[in-house]
């Protein structure tokens with residue numbers, strides 16, 4: 001179920017700082033038309049850190065109501081009880097799976113990581129994808145912890161955003177017998193990860209160019225690396241531009257520039273600089289998605 005290109009959705013806000021329900025629905029329809037295989041609301045790209053609990057649930061509810069593709073909801077937290085609460089709501093709402101970031105700031109030891117994820121997995125019977133992103137959490141999940149969690153029946157995969165291809169290879173090597181899916185958490189490393197046995201990407205760029213990201217991933221999964229490489233290099237400059245500043249600052253501006261629903265960023269994130277906006281706009285024009 002969990003393979004292909006799946007955008008980590010931005011969360012559009014209205015001028016009075018509410019969830020832009022209609023805008024979110026339009027954005028979901030746009031990426032679906034672009035061929036994505038799933039959507040991921042309430043991740044880092046969706047500004048989950050500044051959503052209230054009620055808003056978190058609202059975004060997930062909207063996604064489930066209108067999506068025609070599988071929904072993987074971000075339900076992680078550095079508070080195990082809160083992560084469990086979010087996960088229970090997502091399961092009740094009808095999502096197809098959940099994405100659980102490793103606890104940030106706390107920096108739990110390996111025993112704590114195992115206990116955190118196992119507690120949630122035992123309490124809620126839904127497919128769960130781990131999320132390793134040390135640049136955000138301050139901690140890189142050890143391979144042996146990931147391998148042990150892969151043996152838990154409803155922990156079915158990981159979004160790997162460590163930027164370490166050797167580590168990804170080690171995870172794949174040690175989970176091949178566990179029916180465990182490895183997804184890239186970095187757009188620029190998606191193609192090499194698929195070449196090692198990864199099954200797709202949870203993507204920032206797919207918010208803006210879902211057709212090209214889906215085309216690249218699908219070609220690679222079919223073994224058509226000539227087409228996949230061509231698309232990879234075509235969108236690589238945009239991917240770099242989308243990370244000129246902290247995600248999701250550039251992607252929300254890109255969404256605005258191409259006519260998607262976006263709205264403001266919530267503090268403490270501030271708008272993109274004029275210089276970086278110009279660079280971003282230049283890449284959007286090169287791809288023909290902005291006039």
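For all residues, glycine too, the Cβ spot is worked out from N, Cα and C.
Annotated in Swiss-Prot:
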SITE      44  site 'Part of a proton relay during catalysis'
BINDING   45, 202  pyruvate binding site
SITE      105  site 'Part of a proton relay during catalysis'
ACT_SITE  131  active site, proton donor/acceptor
ACT_SITE  159  active site, schiff-base intermediate with substrate
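When the alpha carbons of residue 44 (site 'Part of a proton relay during catalysis') and residue 131 (active site, proton donor/acceptor) are compared, the span between them is 11 angstrom. When the CA atoms are compared, the recorded positions lying within 10 A of the residue listed as 'active site, proton donor/acceptor' are 159, out of the candidates 45, 105, 159. Considering only the recorded positions 45, 105, 202, residue 159 (active site, schiff-base intermediate with substrate) has 202 as its nearest partner by CA-CA distance. Within the set of recorded positions (105, 131), the lowest number of other Cβ atoms found within 10 Å of a Cβ is recorded at 105. Taking Cβ-Cβ distances under 8 Å and a sequence gap of 6 or more within the same chain, the neighbours of residue 202 (pyruvate binding site) are 6, 7, 8, 40, 43, 72, 99, 159, 183, 184, 185.
Rounded to a whole number, the distance between the Cα atoms of residue 45 (pyruvate binding site) and residue 105 (site 'Part of a proton relay during catalysis') is 18 Å.
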